[in-house]
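Peer 1: Pasting the feature list from Swiss-Prot:
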BINDING   14, 15, 16, 17, 18, 19, 20, 21, 22, 41, 124  ATP binding site
BINDING   94, 99, 130, 134, 185, 194, 270, 282  L-citrulline binding site
BINDING   126, 130, 131  L-aspartate binding site
């Protein structure tokens, strides 16, 4: 018998197939007495997705209520690439690998809820983190009347021991390595992998090397640098070393190139939207190359005013994504401006990968605003008259000279 009386008849659960969401699946059935539909997204997390189907069937979910989708291309094309056009970095460092995945998962849950006639959705995010906000803001933006169940905010399973006991009571399979407290929690997709908690909670301690899963230790990377060329069209990468690739395949290739060269590690203390600071370890191998390369092609194709405006707006755009406002009108407004700026962001960037670093070492574009005749120090340059700089400087100095005169008057009056 369910312990909660509810008008919820069917719920769509974001289901990974892991222990926590399997416990949530059974908890939803026993607590709400509702039918559970599972949705598992393949975002390139690097794990087998199909076992989630078998796990759900084992736990009593009807086969027709199990949804598994390969979203890798959609994820990179419609979420990752638009974000990278903006040069988005939360607090100047974090490339938003977890944040950008949540809107797509939420969108698919709402679509499945409509398809199956479900009246609620559920997620496995904890009550302390940002993901609960990201999921639920997206749910409500897409379906204002949807009911949301957040088990971690409701249940009394407050310890690992209690979770294991619940799993055993309901015959949920438990891997041996899941019986003790996990040393850290992990989130992963094609863009990144992140680890938080336990061994990482003391920000004074160095991250143990075993935590890293997607990059070799930069100290162990090859002693010879790797050079790659990335082609861009309208701000998006389209080819590596002359080979055209789909969005997901391109990011996969960049991930591998970055992995062997130890590129993309970040040890970060960030300000969560819910108000606390947290320490996390992020690996964004291919994304780190992409960020550097995109800024490289923009450096020769964007006008100064447009480039500086983008840089002013990037923190706001990044914050919106981090906080869960992907579907907000202000994010969409900023996206339209950003996409307009990318019309001529096309060309080729050469990047050097070496022992943890990714550095632009060359860039070219048919739309380049870089004019060698203007900047050369050699004789014969005809497009620029050095004498013109005098008037430019005098005009820009006018307010500074006026302020200086006032300061001199004040100083003289104080001495009198």
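Residue numbers in this text run from 1 along the chain shown.
Every residue gets a Cβ built from N, Cα and C, even glycine.
Keep in mind the model is a prediction, meaning the values are calculated, not measured.
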Peer 1: Around the L-aspartate site formed by 126, 130, 131, which additional residues qualify by having Cβ within 8 Å of the site's Cβ center?
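Peer 2: For the L-aspartate site the neighbour list reads 125, 128, 129, 132, 133, 134, 274.
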Peer 1: Rounded to a whole number, what is the top Cα to Cα distance in Å among the residues the record ties to ATP, namely 14, 15, 16, 17, 18, 19, 20, 21, 22, 41, 124?
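Peer 2: It comes out at 16 Å between the most distant Cα atoms.
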Peer 1: Counting only other Cβ atoms and using a 10 Å cut-off, which of the binding-site residues 130, 185, 194 scores lowest?
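Peer 2: Among the binding-site residues 130, 185, 194, the sparsest Cβ neighbourhood within 10 Å belongs to 185.
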Peer 1: Under 8 Å Cβ-Cβ from residue 16 (ATP binding site), six or more apart in the same chain: what's there?
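Peer 2: Correct list: 40, 52, 124.
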Peer 1: Could you check the binding-site residues 94, 282 and say which one's CB has the most other CB atoms within 10 Å?
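Peer 2: Output for this query is 282.
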Peer 1: Measuring Cα to Cα, how many angstrom lie between residue 20 (ATP binding site) and residue 131 (L-aspartate binding site)?
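Peer 2: Roughly 15 Å, rounded to the nearest whole number.
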Peer 1: Give me the CA-CA distance between residue 94 (L-citrulline binding site) and residue 131 (L-aspartate binding site), in Å, as a whole number.
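Peer 2: Residue 94 (L-citrulline binding site) and residue 131 (L-aspartate binding site) have their Cα atoms 15 Å apart.
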Peer 1: Based on Cα distances to residue 99 (L-citrulline binding site), point out the closest of the binding-site residues 14, 22, 126, 131.
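Peer 2: Closest by Cα distance to residue 99 (L-citrulline binding site) among the binding-site residues 14, 22, 126, 131: 131.
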Peer 1: Closest to residue 130 (L-citrulline binding site): which of the binding-site residues 14, 18, 22, going by Cα position?
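Peer 2: Smallest Cα separation from residue 130 (L-citrulline binding site) among 14, 18, 22: 14.
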Peer 1: Restricting to the same chain and to sequence separations of six or more, state which residues have a Cβ under 8 Å from that of residue 131 (L-aspartate binding site).
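Peer 2: Those within reach of residue 131 (L-aspartate binding site), by Cβ under 8 Å and sequence separation of 6 or more, are 98, 102, 123, 125.
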Peer 1: Quick check on the binding-site residues 99, 126: which one has the highest count of other Cβ atoms within 10 Å of its Cβ?
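Peer 2: Selected residue: 99.
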Peer 1: Work out how many Å separate residue 185 (L-citrulline binding site) and residue 22 (ATP binding site) at their Cα atoms, rounded off.
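Peer 2: Roughly 16 Å, rounded to the nearest whole number.
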Peer 1: How many Å separate the Cα atoms of residue 270 (L-citrulline binding site) and residue 22 (ATP binding site)?
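Peer 2: With the alpha carbons as reference points, the distance is 30 Å.
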